[in-house]
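Let me begin by presenting the structure, written as structure tokens, before commenting on it.
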Amino acid sequence: MKILILGSGVIGVTSAWYLVQQGHEVTVIDRQGSAAEETSAANAGQISPGYATPWGAPGIPLKAIKWMFQRHAPLAIRPDGSLFQLRWMWQMLRNCDASHYAINKSRMVRLAEYSRDCIKQLRADTGIQYEGRQRGTLQLFRTNKQFDNAVNDIAVLEQEGVPYNLLTADKLATVEPALAHAAHKLTGGLQLPNDETGDCQLFTKELVKMAEAAGVTFLFNKQVKQLLVEGHRIIGVQCEDGVMTADNYVVAMGAYSTELLKGLVKIPVYPLKGYSLTMPIVDAERAPVSTALDETYKIAITRFDNRIRVGGMAEVVGFNLNLLKARHETLKMVVQDLYPGGGDITQTHFWTGLRPMTPDGTPIVGPTEYHNLYLNTGHGTLGWTMACGSSQLLADIISGKKPAIASDDLSVFRYVNGFNTKLVPFSHQLHTELRG
């Protein structure tokens, strides 16, 4: 089949890769001049299935109020009066209870664990290089309450069969030696030894080369205007320079997917703004070994070959890409507090991007009510973690194969009866009938 993918971030490019591997004729279009130039450009770099956690969690509403008065708050909300923003925040609020949190985290971990297996296989099959490390990740706790609350996440990890190590403060340096000096500031940590790290942009650009060699066509500097519809089918994509057609269409445009699909498919995907700093390593012994995640500030510090990436935070501010000095200061403060002298803080690249976030934290992967339109979006802060698994899953669905993991509760149909997180059954048999 001829398939047109809209978007060339890590989600769009991995979608292209897995689809061409199944014999499809694939074209990818993007408004940028090359792949991975927006949300995939400078994320935190962690591939962390066990830390796949929804932002909508018990206690978040109260914490959000407290964070409003903190200088280094991990979450900032700036109301703009739009119905889009208000509706999304209300939907997220409805997920901030224990039962919804457990359902959402279980879904996310399931997909993220599968995705980690997929990237391992991809690495074995292709030898792709992206400054990746397989040294695990370490969540750091600064309070006893954070340490005690880890038991809730551990229950989900055990349910999903994810290996973990709960460490007291004096044991943290056995995993991250450079943290020896900071043990007195921390109460402990949760290590996930099977997690990975790597440069998402580098991975995506390398995979573009491999996908092109396999037959995928990439068309850049191509602005998508709208989807053309006839009945329950998409008949083309209107671009600035003409119409493109295919048998099937995949929307992988991150936070911009919502506007493109307006009036066709209603998806609750909102742009959650995040920031990162990247700096050269000046003392390897003072730098992280892999990724350390500061639970208090929701900031990840990741080691690449010769660089440190510090990323995190979330702002509910719409499509705003202004770089705020205060956020730069927060990122700098955290890395200097935990890994002083590891990187050159005077030579940093400051970046911001918009993560496509759903209120329940779970991405939207799979078919729609339009027979030949598929979605791969809404991965939030976990696009890098979930990319390969989501795209392998989507390729199997489009090809009529049974996915390796349960996928019904990942599709847009979970929102059919208004916003909720209850499973709306959508069988593969019904999907086949819709495609017919």
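Just so you know, glycine gets a Cβ as well, placed from its N, Cα and C.
Straight from Swiss-Prot, the features:
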type	residues	note
BINDING	3-17	FAD binding site
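What Swiss-Prot annotates, mapped onto the structure for a quick look.
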| residue | record | CB count, 10 Å |
| --- | --- | --- |
| I3 | FAD binding site | 24 |
| I5 | FAD binding site | 29 |
| G7 | FAD binding site | 30 |
| G9 | FAD binding site | 30 |
| I11 | FAD binding site | 34 |
| V13 | FAD binding site | 29 |
| S15 | FAD binding site | 33 |
| W17 | FAD binding site | 25 |
> Which of the three DSSP states, helix, strand or coil, fits W17 (FAD binding site)?
Replying inline: helix
> When DSSP states are folded down to helix, strand and coil, where does I3 (FAD binding site) land?
Replying inline: strand
